[in-house]
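Feature annotations, courtesy of TrEMBL:
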{"type": "BINDING", "residues": "A:14-21, A:39-43, A:60-63, A:120-123", "note": "GTP binding site"}
{"type": "BINDING", "residues": "A:25, A:28, A:29", "note": "Mg(2+) binding site"}
{"type": "DOMAIN", "residues": "A:7-169", "note": "domain 'FeoB-type G'"}
{"type": "TRANSMEM", "residues": "A:299-319", "note": "transmembrane segment"}
{"type": "TRANSMEM", "residues": "A:325-343", "note": "transmembrane segment"}
{"type": "TRANSMEM", "residues": "A:355-379", "note": "transmembrane segment"}
{"type": "TRANSMEM", "residues": "A:399-426", "note": "transmembrane segment"}
{"type": "TRANSMEM", "residues": "A:438-463", "note": "transmembrane segment"}
{"type": "TRANSMEM", "residues": "A:469-489", "note": "transmembrane segment"}
{"type": "TRANSMEM", "residues": "A:531-551", "note": "transmembrane segment"}
{"type": "TRANSMEM", "residues": "A:681-704", "note": "transmembrane segment"}
{"type": "TRANSMEM", "residues": "A:711-734", "note": "transmembrane segment"}
Ligand SMILES: Nc1nc2c(ncn2[C@@H]2O[C@H](COP(=O)(O)OP(=O)(O)OP(=O)(O)O)[C@@H](O)[C@H]2O)c(=O)[nH]1
Ligand SMILES: [Mg+2]
């Protein structure tokens, strides 16, 4: 006899920041984003695992504080539970903060879902002197309670076993009854009777659960009820309205406050029974709160924040300097090798100028990106970013944004080196549509990882002595512009009230090296992957645009003739004679080589001018000169519409092909320093333009997906016009002041 | 703008800040006016009903004890409640009345 293959679905639910995704990753081997910040997961994620022949689907749900439909995350979580009816709900609770976390548990119990409690972070609880008697809690609540450390995987075996056992039992849902005081209990009984006799919504929710949600004024359930049976819904609503009014008159509260009070009261009673013991005084402030007193201090806080940013940039630039040079020389060597191995022709040009220069130019900055991401991972995992959100809320509010906008800004590169695509997605945590749109449209102004190479290049070339400071100033500029743009949007097209911002601050945690490395590597890998796919394709396209159409035959003939003339004037043969003769001949050979190289360069410059990209660049030059950009820069900026990464490599190609006076091959930064078309003012104008013009294609597509194509188009045109205006202003003022 | 959001009045407490709240009578001041850290008790919370309900789920409801980690003094502040630390913006602080 063979066993049929068992397959179960387990849902991971719990408060924000309780460690659901950490456990999910541990169980399924997935690499979903984990961070010490509440509300990282905004959508449900599925993963699979094979456990002793059982096929288990694990679903990671967004964190919630309750099961009432107050926000999108709560709806996602509750809808999954009642619609998909997973075999087991694994409720992850933070053992170091049990009371708050079990609040949600009471609602799972009321819903009656088959529950297993994963008592997470017992390591943190221990350092705080908190011991939780799991067996005792299990006995009182009547569901398995398994202590685990999701970070290290401790106890997850026992957790899976407990969940499988519950799943195998396959018991029907058994709701728990909690008393809500005489007034409400009587009402609930009345409502339950009506609900059970008419089988009202009972296919989805237990009767008592529906009754409580009616009292809590849960909009989704009220709507569902009206759809199912308007008459019964009206009857229930009338009853609830009567009770609500009575409560307001006598106690001046709505039912949900009383319900919350009783749930917390129920938990207090549960925990008092020797479930939890504190080694230290319960009232003492934890280390986290003590640190917060300093770090979020009104005066010290912002200073510390600035200090941390400057330190991060200093660290990134100084540590990445040497590896970046290594990468540069590696790609230089690779290009030279390919050039020597292959005969001249379109293939060699494609490989060297298109692929190696294009992709290599992006990959060359991997060390810089790596160090920046490492620093940001430290800030995120330690819990400091949540404090930044808290401090920035005041500032953001005055610009019409919201405390929840801070995280999308930082994800997009608020500290430098993020990506606007996940930033745009992260705006889902904003509840107010107008604040969300204002955030979504301004996050692309941040200095994402793709803009970092341009910043590093131009700052390195023109402000070599103050790199960290300049990086800091450009970051501040990005924020200033983004905030002003947001204010402008909120005063015009997105007018509306501001909404409250209440957030639970995660405790400070020591980041684990493993966690940091995973974070850093994940994001760096994204960058590398993009270089190998999107950037590769765009580089090839740009190469083609910069190569074709080629020079007409007549002109090519012209250059060939010039070359022949030089060769005729300096014959190649050398006599084996010493003395003055020989010296003279060596000079002649040098001169010949120099003349030939000059002709080559002139030809490639002419070819670039003749190519499709060159023509566009030249055509735009009359306009772009207002901001100080020459035609070669224009080519790079056009490439940047597709992806900002290609700006540096395109600039490199355009300057190596189009540079007529270059003595010998030199790095791009040297070339720009020497070029007549560049100086400090042009560099700043170019940076300003690059930072603020149209978002890259992928971001535009993402904006369209998250809002509409009209907003995406708006973002492209608005940003480009605005950025150009600003660049012109910088260039003109800078030139008048003679700063170049 | 902000007024509009809170204006609907969820009814947790009376507007004159001196009414009954929770299950006992108490008089108090808005949390935003507090100048000192330390323990205090919530008297009433006014504002949008949904927002009040969210606050209640996080442990901020009339009758409950809270601890101020930083003094609000007209700005946003940090509050410890039920073992967690919550940051509250200043508009919400205006609508939470606590014992003096
Ligand atoms: N010390 C310790 N830290 C943990 C443990 N489990 C998770 N963490 C940390 O807790 C933080 C939050 O973890 P997440 O897995 O992102 O939490 P989440 O529940 O998915 O959070 P949201 O998606 O925001 O709802 C991270 O910094 C984790 O490293 C644990 O067992 N011990
Ligand atoms: Mg998560």
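Please read every residue number as a count from 1 along the shown chain.
Glycine residues also receive a Cβ, built from the backbone N, Cα and C atoms like all the rest.
In this structure, the C-alpha atom of residue A:14 (GTP binding site) lies 18 angstrom from that of residue A:28 (Mg(2+) binding site). Less than 6 Å separates the Cβ from ligand 1 in the case of A:17, A:20, A:40, A:121, drawn from the binding-site residues A:17, A:20, A:28, A:40, A:43, A:121 in sequence order. Listed in chain order, the extra residues whose Cβ falls within 8 Å of the Cβ center of the Mg(2+) site residues A:25, A:28, A:29 are A:24, A:26, A:27, A:30, A:31, A:32, A:47, A:49. For residue A:40 (GTP binding site) paired with residue A:25 (Mg(2+) binding site), the C-alpha to C-alpha distance reads 14 Å. Residue A:17 (GTP binding site): 26 other CB atoms within 10 A of its CB, across all protein chains. A:20, A:40 are the binding-site residues among A:14, A:20, A:28, A:40, A:62 whose C-beta comes within less than 6 Å of an atom of ligand 2, given in sequence order. Least packed by the Cβ count within 10 Å, out of the binding-site residues A:40, A:121, is A:40. Among residues of the same chain six or more beyond the transmembrane segment (A:531-551), those with a C-beta under 8 A of the stretch's C-beta atoms are 346, 349-350, 353-355, 357-359, 362-363, 559, 603, 606-608, 610-614, 635, 639, 642-643, 645-646, 649-650, 653-654, 657, 698.
Of all Cβ atoms in the shown protein chains, 25 besides its own fall within 10 Å of the Cβ of residue A:62 (GTP binding site). For the binding-site residues A:14, A:29, the ranking by surrounding Cβ atoms (within 10 Å, all protein chains) places A:14 first. For the binding-site residues listed here (A:25, A:28), the lowest count of other CB atoms within 10 A around the CB belongs to A:28. No contact links the transmembrane segment (A:399-426) to the transmembrane segment (A:711-734), because fewer than 3 Cβ pairs that are 6 or more residues apart lie under 8 A. Under the criterion of 3 or more C-beta pairs below 8 Å, with sequence separation of 6 or more, the transmembrane segment (A:469-489) and the transmembrane segment (A:299-319) qualify as touching. You'll find the Cα of residue A:25 (Mg(2+) binding site) roughly 14 Å from the Cα of residue A:17 (GTP binding site).
It is 19 Å from the Cα atom of residue A:28 (Mg(2+) binding site) to that of residue A:121 (GTP binding site).
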